[in-house]
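S.K.: Please read through the structure below; I'll follow up with questions.
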Amino acid sequence: MTEMLKGIAASDGVAVAKAYLLVQPDLTFETVSVTDTQAEEARLDAALEASQNELSLIRQKAVDTLGEEAAAVFDAHLMVLADPEMIGQIKETIRTKEVNAESALKEVTDMFVTLFENMEDNPYMQERAADIRDVAKRVLAHLLGVELPNPATISEESIVIAHDLTPSDTAQLDANYVKAFVTNIGGRTSHSAIMARTLEIAAVLGTNDITERVKNGDIVAVNGITGQVIINPTEDQIAEFKAAGETYAKQKAEWALLKDAETVTADGKHFELAANIGTPKDVEGVNNNGAEAVGLYRTEFLYMDSQDFPTEDEQYEAYKAVLEGMNGKPVVVRTMDIGGDKELPYFDLPKEMNPFLGFRALRISISETGNQMFRTQLRALLRASVHGQLRIMFPMVALLNEFRKAKGILEEEKANLKAEGVAVSDDIQVGIMIEIPAAAMLADQFAKEVDFFSIGTNDLIQYTMAADRMNEQVSYLYQPYNPSILRLVDHVVKAAHAEGKWAGMCGEMAGDQTAVPLLVGIGLDEFSMSATSVLRTRSLMKKLDTDKMQELAQRALTECATMEEVLELEKEYIDFD
């Protein structure tokens with residue numbers, strides 16, 4: 001029987017294939033009293049080691065196929081496996097209660113999950129709860145000798161159907177066979193959606209109950225552009241979906257022709273399209289997709305991939321490789337953004353109730369705790385500056401004095417290197433990431449002293465709306481097109497231009513096809529996004545008239561009170577079909 005479902009369009013693409021139901025195994029067990037607690041601890045250690053080996057392999061595959069940024073979630077999982085407090089409590093429970101490892105594991109991890117989930121004002125801890133649940137399931141499966149579903153074994157064209165996909169599930173998908181996936185829960189900003197876009201496979205999330213409606217082998221049609229899903233479609237519907245897929249493939253082929261084209265609007269106005277990267281090897285994707293710059297190089301992955309602080313020489317080689325790989329095109333390097341959801345096992349930071357609003361990023365760099373680490377990074381960057389067009393960006397800036405202090409340290413290290421006879425470029429732009437509302441509101445003062453702004457909308461929207469974008473209960477508040485967000489962006493861009501500086505954007509909003517016309521109208525100079533979004537955005541921009549987009553933006557800023565009103569207004573100016 002044919003059934004039609006509507007979900008959240010999370011990743012573009014159209015596919016028709018057999019359903020592959022990703023069923024979670026039965027992990028029920030009985031609590032058993034034991035006398036040999038040492039043997040139970042040994043069983044636990046073996047399961048922990050097997051899980052660690054498994055996750056390390058999955059992480060490496062994720063790095064190879066998705067890049068460092070997408071793979072970073074597995075660092076959090078590996079840290080859970082190595083958490084001495086939690087592992088210690090599990091072993092203590094085995095010894096004191098004389099129960100099997102399965103029972104002790106569940107008791108302790110359930111306690112931690114409940115504790116973190118109840119921290120409703122702390123999205124960081126709520127995310128850690130999800131990590132613990134995922135890791136505990138893996139360890140329990142090893143204790144029970146049960147195999148977890150392995151999407152890597154899929155060897156024919158399939159549509160993966162699941163209640164949800166964990167990061168470890170998504171990292172194992174082979175885009176040669178998995179043409180799309182559909183889940184009961186999730187949204188555009190969930191880990192699985194982001195990974196689907198990186199893999200360039202269609203995804204529709206949040207269908208509520210597709211796992212109850214689909215059997216293995218059913219034919220499923222998925223449109224990741226519209227969010228439409230059909231179970232056991234008719235021949236006519238299959239033909240319709242295949243035609244839509246061919247149209248999309250044709251579009252992609254047309255976009256590919258724009259690889260070496262300049263990014264100009266229909267009336268000849270140029271905008272810079274840049275790409276975000278996490279490692280030097282991501283530069284290949286930047287160039288293959290025709291980006292004009294690297295708009296955000298997230299340097300924290302250098303630290304997260306090391307067993308100790310990366311040395312000045314190690315960092316220099318990485319920065320040099322990126323600058324040389326870009327052949328003189330601009331490279332915006334963000335100084336390390338450690339803290340929040342990015343922890344380093346070798347860097348002992350104080351535990352905080354809310355790390356996202358705590359001691360992180362530039363706050364660490366300019367403190368006594370992180371000063372030497374910051375100076376090492378700046379020296380490496382300055383040495384590498386002679387190999388290309390370097391731009392240095394400081395993250396998580398709230399106060400002008402924070403920028404001044406960081407800039408002062410940069411100037412000190414520049415003078416030190418010159419005194420040592422080391423060549424340093426004298427043409428390095430220094431800017432800040434605008435992700436805190438306080439900095440956005442004071443952009444007119446910052447603009448007098450910085451060389452550029454890059455608006456980090458992922459955090460700016462969260463902080464402005466007081467809503468965690470990964471929390472489904474409040475995800476409706478994550479509104480890039482809300483007039484309040486558009487007004488903040490407009491204020492920052494105007495402040496930059498008033499001082500003759502440029503303003504860019506490096507959050508997901510920069511590559512959002514609905515947001516781009518509004519941002520063109522506001523006058524944003526640079527758009528930095530995932531490399532795979534560059535050509536599509538260039539194609540869109542070629543159809544836009546800046547005068548009309550300025551009119552659209554002005555009306556959105558002055559006439560609209562809600563996101564819905566902005567979207568309705570945009571329909572008067574843009575036909576997205």
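Residue 1 is the first one shown; counting continues down the chain.
Cβ coordinates are placed from backbone N, Cα and C, and glycine is handled just like the others.
Straight out of Swiss-Prot:
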type	residues	note
ACT_SITE	His191	active site, tele-phosphohistidine intermediate
BINDING	Arg298, Arg334, Asn458, Asp459, Arg469	phosphoenolpyruvate binding site
BINDING	Glu435, Asp459	Mg(2+) binding site
ACT_SITE	Cys506	active site, proton donor
S.K.: Near Asp459 (phosphoenolpyruvate binding site), how many other Cβ atoms are within 10 Å of its Cβ?
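M.R.: Looking across every protein chain shown, the total is 21.
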S.K.: What does DSSP assign Asn458 (phosphoenolpyruvate binding site), in three states?
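M.R.: Reduced to three states, the DSSP call for Asn458 (phosphoenolpyruvate binding site) is helix.
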S.K.: Checking the contact step here: among the binding-site residues Arg298, Arg334, Asn458, Asp459, which have a Cα within 10 Å of the Cα of Cys506 (active site, proton donor)?
M.R.: Asn458
S.K.: About how far apart, in whole Å, are the alpha carbons (Cα) of Glu435 (Mg(2+) binding site) and Asn458 (phosphoenolpyruvate binding site)?
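M.R.: A Cα-Cα distance of 8 Å.
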S.K.: Measure from the Cβ of Arg334 (phosphoenolpyruvate binding site) and count the other Cβ atoms within 10 Å, all protein chains considered.
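M.R.: Looking across every protein chain shown, the total is 26.
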S.K.: So if I draw a 10 Å sphere around the Cβ of Asn458 (phosphoenolpyruvate binding site), how many other Cβ atoms end up inside it?
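M.R.: For Asn458 (phosphoenolpyruvate binding site), the count of other Cβ atoms within 10 Å is 16.
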S.K.: If you count, for each of the recorded positions Glu435, Cys506, the other Cβ atoms lying within 10 Å of its Cβ, which residue has the minimum?
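M.R.: Taking Glu435, Cys506 as the recorded positions, the minimal 10 Å Cβ count falls on Glu435.
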